[in-house]
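Trainee: In case it's useful when we look at the structure, here is the feature table from TrEMBL:
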type: BINDING; residues: A:Cys52, A:Cys53, A:Cys118, A:Cys148; note: [4Fe-4S] cluster binding site
type: DOMAIN; residues: A:52-162; note: domain 'NADH:ubiquinone oxidoreductase-like 20kDa subunit'
type: TRANSMEM; residues: A:43-62; note: transmembrane segment
Amino acid sequence: MTNGEINLRDLQHPDIPVPEEMQSNIAVTSLSSLYNWARSRSIWPMLFGLACCAIEMIATAASRFDLARFGMEVMRASPRQADLMIVSGTVTKKMIVPIVRLYNQMPEPKYVLAMGACASGGGPFKEGYNVVSGIDKYVPVDVYVPGCPPTPQALLYGLIALQKKIERQSLGVGASVPWYGGGPSEEVPVPILGPDIVDPRHAELLRKEAQKNRVTPTVAEMLAESAQPESA
Amino acid sequence: MTDQVLPQVTDLPSTVAALKERFPNAVKDDTRSGYQGVIVDPAHLTEFARVIRDEFGFNYLSSVTAVDYLGHGDHLEVVYHAYRVPSGGKPLVFKAQTDRNDAVVPSLVSIYPGADFQEREAYDLYGIHFVGHPNLKRILLWEGFEGYPMRKDYHEAYYEQETKPFDSRWPGGHVFRAEEYNPFGHNVRYPAGFTLDDYKPVAEEQLQQGMALGVDIMGDPAFRTDRLIVNLGPHHPSTHGVFRMMVALTGETIESLEPVMGYLHRNHEKIGERNTWYGNMPFTDRLDYICSMANNLAYAITVEQMMGNQVSVPYRAEVIRVLMAELTRITNHLWAIGFLLNDLGAFFTPALYAIQTREYILDFFEATAGSRMMCNYMRIGGVAKDLMARIRSEAALINDKVRDMDTMEYLDKLINDRLPRSIDELDELLSESEIIKSRCIGVGLLPAEMAIAYSASGPLLRASGVPYDIRRADPYSIYPELEFDICTRPNGDIYDRYYLRLDEMRQSVRILKQILPRLKDTQGQPIFGGKTSYSIKVPAGEAYGHAENPKGELGFYCVSTGGGNPWRYHVRAPSFINLTPLGEMCKGQKVADVVAILGSIDIVLGETDR
């Protein structure tokens, strides 16, 4: 994919034979793969850094690792122009509100890459009182990249994995992705900064818990609770 | 910076004696074992602070923090560390104790404006009311948050046990996902009976109160300018992370600016108090994630101070530490300069130059410590491992040759050739640039008196003409035997801060050149003089250790009760405290300059919010 050269053999449908000498000029392929092939090579990430991982993300975009080789160098500051949200760092309860809002503002098709341990599951800061244990508690994630922080090589690998994922998606009926179905997909409800972060999707659960009239138990209290029936 | 004659009391004991004479009933020695300084009666705290500032020359309040002594006297304690700037020396430590159930302490903001954010933090996390504080509201969390999380009796949702290692993991060997033990499957805790049905969040409303929003948006019709509130951040390409500035504008001019932070508040201190002493080392990497090596050093110094003669750092370890700290300073300043240009509108190209050079240093870090950014390299009593004989890069990139070269040769070339060359290159390309000069000179002024009063540190302080550098003022490691100058610039504007960073990089190269022969001479010598046990116990007491980090004074205030975990683990973060004068610096400037002013302070959110 260097120097703007296009390798048509990548696109070639395996069941339709094209003479060998013509393969560099002609490819017979499906609309889905042509569309996805173009899409996966022009992903615009959102210029959006959260924490330490953002520094490695910037290093990935810089000259040594050169994200431009994958058609992804166009970092957009506005979510309206972005295809991919790289969640690069610890997601805190205070920050999840704008993150969900940003995600909702991205046009479809949109993708989320959880970069690093914190974005994937809370990481070293998971137990913190202000830390969301993984961005996937709120928005759907397409690719997880492990590491603390992942090296630029790891991030590139994750992005290539995302490209492959996009290539497999189908425009056809019974689409594998929500945005080619009928109508717009639903927005993720924006969390509320209450006494602790509140996910509006938990409204019913909250009512049920409220009837018990107790402060939400900690892990230690739940463990002690669950240990009793076990020993009995 | 003041012309008045200070009394001839220079050493701390006589200062303390003089103060006790002055306040016979209000000031007494802190007699707890391992503690220092004095305990001041809160009723006389303001008067005491005024006296030490005006009569004893302690004009710089470096650190303000609180400690919860639950079970050890059952009181809350506010701890202050005051220094003399620029003459340096050891701090005057004074404390004010207050009741846990009715925590009230007078605010020192009127005497030391630099206490502003730090007192707000103590209010936010400990619930101490600072009487007389002009803007006492939560700073890292949001208004409406339930509880004061740094108090010892506050248990977070995933709370399992007071200290690590948790029994279930070791020796139990049991691993589980904390989510499974929360009724919501999230890291959340709500008060009893909480539902969303009639809940009205107050976080945003409270924020905007100080800005007089909704009162006079359209302004006086006679002036025909609109008064606007503009939110920069938390998602904004200029804010160097997740920082938010609420700006009240008249036309394009800043009327007032309110920094809003906490978007990366990941509970470093609370987690740190559960961790073992060793366990905190990798967490310090993630404070100022561009300068992990320097953070390691500051933390190691602090704990070594508490360990006293139980550990002794070998000479070679000190040499390596300084090598790493100064290389870190160069990476940081490269980064800061590259991204300052980003903020001025030269998007990404200048940063590419800076990042390219930075990569050479990161390669060395990776070869030595095993990680590019999160080095986790220093230990209490030395460093983790010696330099490798050869630098290898096994993971070959398409555009990168497989590297295999002698480490000393690599360092030699880096320090004597590559780094000075890139610093000169930046200087040539940028310093005389007309655009940079017209955008930076005279913008974002911070006069020297104000810089000291606001507890600014690092390049921000020195660019205002104050020659205060902890490497000289309160020396640590082997800095006393190294030759280097403390750089200052006279004007305190953006341009001076930029140029000062160039100068400092040159001084760092000068230090590194002196380090190289020392590295060669000490080859093969021990690098660790600490305890080799899995975990250490630190003698009871307190310590404040600080180092001159690339961004300013990074301090750690630790309290030990003699156990394997810190009782209190506080980080005096330069990025956080350097933001205190931001509002003042931006007043009257244009909105486009705010971004550059923030860039010139050089903050990292991991450290600001912790």
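Note that Cβ sites are derived from N, Cα and C of the backbone, with glycine treated the same way.
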Trainee: Compile a sequence-ordered list of residues in the same chain as A:Cys52 ([4Fe-4S] cluster binding site), six or more apart from it, whose Cβ lies below 8 A from its Cβ; state 'none' when nothing qualifies.
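Mentor: The list for A:Cys52 ([4Fe-4S] cluster binding site) reads A:Gly89, A:Gly116, A:Cys148, A:Pro149, given in order along the sequence.
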Trainee: Under a three-state reduction of DSSP output, how is A:Cys148 ([4Fe-4S] cluster binding site) classified: helix, strand, or coil?
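Mentor: Coil, per DSSP.
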Trainee: Just name the binding-site residues among A:Cys52, A:Cys53, A:Cys148 whose Cβ comes within less than 8 Å of a chain B Cβ; none is a fine answer.
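Mentor: Cβ contacts with B, in sequence order: A:Cys52, A:Cys148.
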Trainee: Might you list, by sequence position, any residue in that chain lying six or more from A:Cys53 ([4Fe-4S] cluster binding site) with a Cβ less than 8 Å away from its Cβ?
Mentor: A:Ser88, A:Gly89, A:Met115, A:Gly116, A:Cys118, A:Ala119, A:Pro149, A:Pro150
Trainee: On the three-state reduction of DSSP, what should I expect for A:Cys52 ([4Fe-4S] cluster binding site)?
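Mentor: DSSP assigns A:Cys52 ([4Fe-4S] cluster binding site) to helix.
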Trainee: Average the pLDDT scores across the domain 'NADH:ubiquinone oxidoreductase-like 20kDa subunit' (A:52-162) and report the rounded value.
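Mentor: Here the mean pLDDT over the domain 'NADH:ubiquinone oxidoreductase-like 20kDa subunit' (A:52-162) amounts to 90.
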Trainee: If you count Cβ atoms within 10 Å of the Cβ of A:Cys118 ([4Fe-4S] cluster binding site), leaving out that atom itself, what do you get?
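Mentor: The answer is 31.
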Trainee: What count of other C-beta atoms do you get within 10 angstroms of the C-beta of A:Cys148 ([4Fe-4S] cluster binding site), across all chains shown?
Mentor: 18
